[in-house]
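Taking it in order: structure first as structure tokens, then the write-up.
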Amino acid sequence: MNFSLTWINVAFIPSFVILPLSDPISFIECLKIAGVFVVGLAVMVLFNVYMIKVLKIFFNQVEDKVHSDNDDGVELEVIPSRNETFTSTREDLTTIDLDSLRPTREITPPPSVPENPFEFESSSVVQPEPIYHKPQHVDTYPGQSNLDQKSTHQTSIVSIESQEPTPKKELSPITVFISKYIDWILFGLMFICSLPFYYIPSIHTYLPYHLSITVLAYYIALLIPQKYPPAKKFAHPIIISTALILFVCFIGSLIYHRSPSGFLSDLKFYKTGKNYLNLFSGLTLNNNSKSSSVPSNNPTSTPQFPGCGDFLSSLMDVSIVALSLPMFSHRHDFIKNSAILVPTILASIGLCFFLYPIICHAIGIASERSIGFIGRSVTLALGTPLIASLGGSIALMSVSTILSGILGVLINEPLFKLLRVDKRDYVTRGVTLGINCGAIATAHLLNSDPRAASMSSLSFSVFGTLMVIMASIGAIRDLVRSLVGL
């Protein structure tokens, strides 16, 4: 669980990498989509913030801003106190260290009393002075031989010597280097070993080549905010790593094909569509399940292998499930704030499900892309089946969902400050970011405010689940498609 939450951002990279394979779009329509995205996000955030404030006034609910030790419903094993600070040692904006969810105060058991007081230096019993043997002095008890006396004396000497602290061994520079850069070494070796398998025409396999490039690019993207802290405001790891991956893949395909035309052909195998659901089906897929035949000009010896994007998207589903940890830890907060959560989520569902397609279709956006905007606020794991059921553009949904999460991470603090939302108002922050920014913003909140992260996780989970249920109802699905002329 710690692994899946720590590297959840990597799972969102494939949706950006395969963007060049999307259907062509005119510049005017691109501007319309950007306008709907920006205005729609701003309107939804304002709607959620002020609706929550109105509901709090209506229900006369006193805002629980102070994290006190007497709050009910938090598991002692996970988070024993609300006044603890939660920090993360990672420099990334949205990666998580689960140690931040554990208590920072350590409960030490009472010291145990040793059976033999001479075994510890902290014992209050004073050790007797050694007896110096003299020829005329007899220090043996009746019935005790000299051999036993020597054995006892040697044992006491060994016991005293064992109390002396042993000096710590200094690790060799090679050991320190390998321990510090083990990830770089492993994936660097994977990249080097994958080059022959990629460039030999009779083999030409993609999975290890693309996977090593993706992980190394993400590591490099994490270094940028560490070396240049001001870059945190705009250099999100997902965006930086996507640019690096596309650049390296373009150079690699240019060397292999000796022309730029092979770049898109290779990119079709970055995410083939062979995830864990159909891995053993025997199907030959590529281009994210859009094609079932291998291109004649770009043969591969492993046409049934999954792509790097399929591997990472499978991990994304695990990461979304792992977000249930903060939900369980603060489950009583949901009951206490259910009167605020339920109306806000239902109203947001109505706006996204019906207003987005109407507005997009009215200003001239294509029907499939108009439906794709319905999943703008739904995380990828739930948005993909949602838009597939409605017959919309999954590519547009993926990009808008990830961009919403990235914007939520980058501008949430100045935005909430502008709207005068208190930093300790975990309900407003969590619900607003959960509905509008999904899993990426929730992962970011785990570092700064776990209570808000739990509200955010519940909000986008319920929001997305209800949207998928509505899309599976035939009458509602036909109604939505009729709104965009399908």
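Using N, Cα and C of the backbone, Cβ positions are placed for all residues, glycine too.
What you see is a predicted model, and the numbers here were worked out from it, not measured in a lab.
Residues or ranges marked as transmembrane segment in TrEMBL: 7-27 (among others).
Per TrEMBL, transmembrane segment is recorded for 33-52 (among others).
According to TrEMBL, the transmembrane segment annotation covers 181-200 (among others). Among residues of the same chain six or more beyond the transmembrane segment (181-200), those with a C-beta under 8 A of the stretch's C-beta atoms are 206, 208-209, 211-213, 215-216, 219, 252, 255-256.
The feature transmembrane segment is assigned by TrEMBL to 206-225 (among others).
The transmembrane segment feature in TrEMBL is assigned to 237-256 (among others).
Under the heading transmembrane segment, TrEMBL lists 340-366 (among others).
Outside the transmembrane segment (386-411), and at least 6 residues removed from its termini, the chain residues within Cβ reach (under 8 Å) are 12, 15-16, 18-19, 22-23, 33, 37, 41, 93-94, 233-234, 236, 238-239, 288, 366, 368-380, 433, 436-441, 444, 464, 467-468, 471-472, 477, 480-481, 486. Residues or ranges marked as transmembrane segment by TrEMBL: 386-411 (among others).
The feature transmembrane segment is assigned by TrEMBL to 426-446 (among others). Residues 5, 8-9, 12, 41, 44-45, 48-49, 52-53, 63-64, 93-96, 100-101, 238, 319-320, 323, 326, 333, 337, 340-341, 344-345, 348, 377-381, 401-402, 404-409, 412, 416, 452-460, 463 of the same chain lie 6 or more positions beyond the ends of the transmembrane segment (426-446) yet place their CB under 8 Å from a CB of it.
The transmembrane segment annotation in TrEMBL covers 458-480 (among others).
By the Cβ criterion (under 8 Å, sequence separation of 6 or more), the transmembrane segment (340-366) is not in contact with the transmembrane segment (206-225), since fewer than 3 such pairs are found. At the 8 Å Cβ threshold, with sequence separation of at least 6, the transmembrane segment (237-256) lacks contact with the transmembrane segment (458-480), having fewer than 3 such pairs.
Among 33-52, 206-225, 458-480, 206-225 has the largest number of CB pairs under 8 A with the transmembrane segment (7-27).
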